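Undergrad: So TrEMBL has the following annotated:
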COMPBIAS  16-27  compositional bias 'Low complexity'
COMPBIAS  33-46  compositional bias 'Polar residues'
COMPBIAS  47-60  compositional bias 'Low complexity'
REGION    16-60  region 'Disordered'
TRANSMEM  99-117  transmembrane segment
TRANSMEM  301-323  transmembrane segment
TRANSMEM  335-355  transmembrane segment
TRANSMEM  367-389  transmembrane segment
TRANSMEM  445-467  transmembrane segment
TRANSMEM  540-558  transmembrane segment
TRANSMEM  594-611  transmembrane segment
TRANSMEM  690-708  transmembrane segment
TRANSMEM  770-787  transmembrane segment
TRANSMEM  824-842  transmembrane segment
TRANSMEM  978-997  transmembrane segment
TRANSMEM  1009-1028  transmembrane segment
């Protein structure tokens, strides 16, 4: 039956009332009358077309759109285009390499930022510019000519890549709604262009990628297969996403031809591409041997007639609507052309496949063998085609179909050498199979299974039973038994599935048994790929695509039987796990990986597959079921530990440590429990917290890799052999690993922190527990830092532990204060500040003293050891500086967070108080004015009430911020020699400064950016002065000595251009402090003063000051201008 848009107007059905306008009763009645008048016409519902819906965007569209046939809506065919273009994009990224990936990533990130700012046209052009830049980079980074060694082919390939990139851009453009509203005709043209061009580009690129992976053999057949797939996806008539469905009522429920995406021209071109492109590709690549043999000629005919048959099948879904819309003519085209194509395909398959690959099993001499094989294949194809087209509908056709089945079965049995005496056996099998199709008799099908199984067993025993061959790691006889059993099960399943529902368990048992046998056979084939024959060995690879193909077919059968309610959810669960587990063999070479994957999937998938029926009240797990599934998951992961070890070894290239292996097992257990927690216990907060702790424990074990006790490790022969092989010992010897026991302390501290954050440990409510927690965290971190970084300086351990305890207590009790903590915390911070210089000085003095006392002043022969010790002192001091910088940074962040929370709470309380006083009578201008004055009132209010909440917090936070900034500057000098760029990363630390009248008078929230800009300017100025002084003092004045004479000229010149940069920096810093508007010309007048600093000076820091001065001047002007415009708008 043709789809409605392909039928003549007089025969087109009405659209169902469910997709029409609200006033629909008259059309529904008309549809019923039309259907009663013409019983051959049925009603269709376009599920593949976009459903009409009125949106706010359509309501606000121009009036012209309301009277047009265009309807702005989302693009409905994104899934189809994603199937074609996403793999093509991935292949192009692989061809282009990292330059294309980097450029495209940067471009799309910028586009995302522009789109987040609601600049839609900018995002649109950002996408296109990103694709254009990526395409240019692709042309320069890919090696087309070296790949094809031909200029025309290289140019053709480059054009194909550019066309695909262009199509991706068109697809992205269709996602912008504003383009649909402003340019409706362009959107319709882009949609048609996509559907017309994507099949050509996608099939070519898919074939290119397949050839790159598996070679050039059978490339024409790959192209033919991809052509058929994309023809089915895009060439079957589809209704446009952007055509309004309100026009249905103006055409009596008919869908006009111009509502289809593709027109007759595009459909014709796609049909020509389907029929001739694979054939022309085959001729171009095999023109020198086109007529060398019958097999090559058969390839050419198959490449034309197989797509031709597929196109005739697609015509049942409307693919030939552009040829004719007369159902009788279309039926005659299908029958006549289909018969001719089937005859040619069958004869070519005989030559190309049957006699070429299976000629050894044909036991009939020529020419009788050609006649019998042709009769068997043509008769079988004719019977299958007649039954699929519904031509077996009366007694006469049933008799002919049964007779044909008997003749085909007998002829096929004679071809394979079946004894003439037992020819009634295959004839009976054909009779019962035909009876099953014509009478729908289940007993007849089981009779066919019995006779067919006997024939399969005879064929296997006759051809393979007596061969003394080991295949797939077993004798051929054992393998034949498995093949026969699997075949018999496969033949029995369709009949068992047709039994009444009370025998559903038999269907599930049969399918599971068949899947188990298939997994076992493929595992042996794939992982035991050698054949041993009389001592000779030859590698026979089971192709990877067969594993993928059997998995896809199995999943499709399971889904179909599940939809038809032939199998229950438990059967679907087991079968899905078994079929998917086979895919693991493609990635890991372990011989047990298939079964291990099946066990893991069976343990992980029940929350997804067995409890997903939300209509049932019992679909959610109970608590004991959740615990049981979690235990099963953990046991299954532990059972699969050797496979996890092999997978990690394959991924890393070396055996993982015991801690890493245990960590991966724990992480895998936690991730496997995620469906249990989030699908069935999402309301249980403790379950989520425990899951976070479990995953965090595994990740910490992976990252830290701590040593494990021997009682915790599993030392199988496989792991022992992988850990230390004979080659490793002979090359490297026995290597002693560094002790890593302190990492357990860090792991424990992090887990305790997570437990407190997730409230597993209730430190928020119990002060004693809070104090014990803070001290334990401090001791653990102190011991870890001392043992990991200061192992040689034992005298520092006590000071470091005390420092970490003080820092931990301060942070914990600042976040969760107690009644007396506000009095003690300033003294703890003072102790922490005092420990810093003491620890720093003791580290150097004690070590230097020990060096002098150990070697003596006169022992100058040990210079190397002394130098090493001095370097160790310097390194330890640098580590101490980094430690205290991190501590002060943490304290400053914590105080900033607490003060921000305090300000927010006070603002909320003040707002509630004012609302309660004024009620709801305040006018709109007054509310607007109060919103403008909100920030300043909150600041002044907070400072006045700060004494009641702890006035020491801003001062402590400011001291911690300044000390952190100062230590970071010292570290910059030690580690980088005073890097110029480092100040831009270190100055933002000063954003942590708080409002404190004792620190800086008038410093508030409005001035928060002043310390950052002032610090950058001051640092660069001081470093510039130091550089000038150092160059002049040391006589290294650069090119100034050679051009202008002595060093004073160098100093004067650079000082002069340095002073010229001061006005821009001073004006901008004053503006950042006060935000007082100045004349627009002031910052622009100071801008040229920075140009000499960039052009004349040869001190890089002065050049940076000049460039920064230009940026400051421009920013000053733009911000002032924006403030002026905002003020005008407010007025």
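Even glycines carry a Cβ here, placed using N, Cα and C.
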Undergrad: So if I exclude everything within five residues of the ends of the transmembrane segment (690-708), which remaining residues of that chain have a CB under 8 angstroms from its CBs? That is, six or more out.
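TA: Same-chain residues near the transmembrane segment (690-708) but 6 or more away: 657-660, 662-671, 673-674, 677, 739-741, 743-744, 746-747, 750-751, 754-755, 758, 760.
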Undergrad: Which sequence positions outside the transmembrane segment (978-997), separated from its termini by at least 6 residues, show Cβ-Cβ distances below 8 Å to it?
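TA: Answer is 889, 892-893, 895-896, 899, 939, 942-943, 953-955, 957-958, 960-962, 964-965, 968-969, 972, 1003-1005, 1008-1009, 1011-1013, 1015-1016, 1019-1020, 1023, 1100-1101, 1104.
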Undergrad: By Cβ distance under 8 Å, which residues at least 6 away from the ends of the transmembrane segment (445-467) in the same chain are close to it?
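TA: For the transmembrane segment (445-467), the list is 361, 413, 416-418, 425-426, 428-429, 432-433, 436, 476-477, 480, 483-484, 487-488, 491-492, 494-495, 498.
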Undergrad: May I ask for the residues of the chain that lie six or more residues beyond the transmembrane segment (540-558) and have a Cβ under 8 Å from a Cβ within it?
TA: 471, 511, 515, 518, 522, 525-526, 529-531, 567, 571-572, 575-576, 579-580, 582-583, 585-586
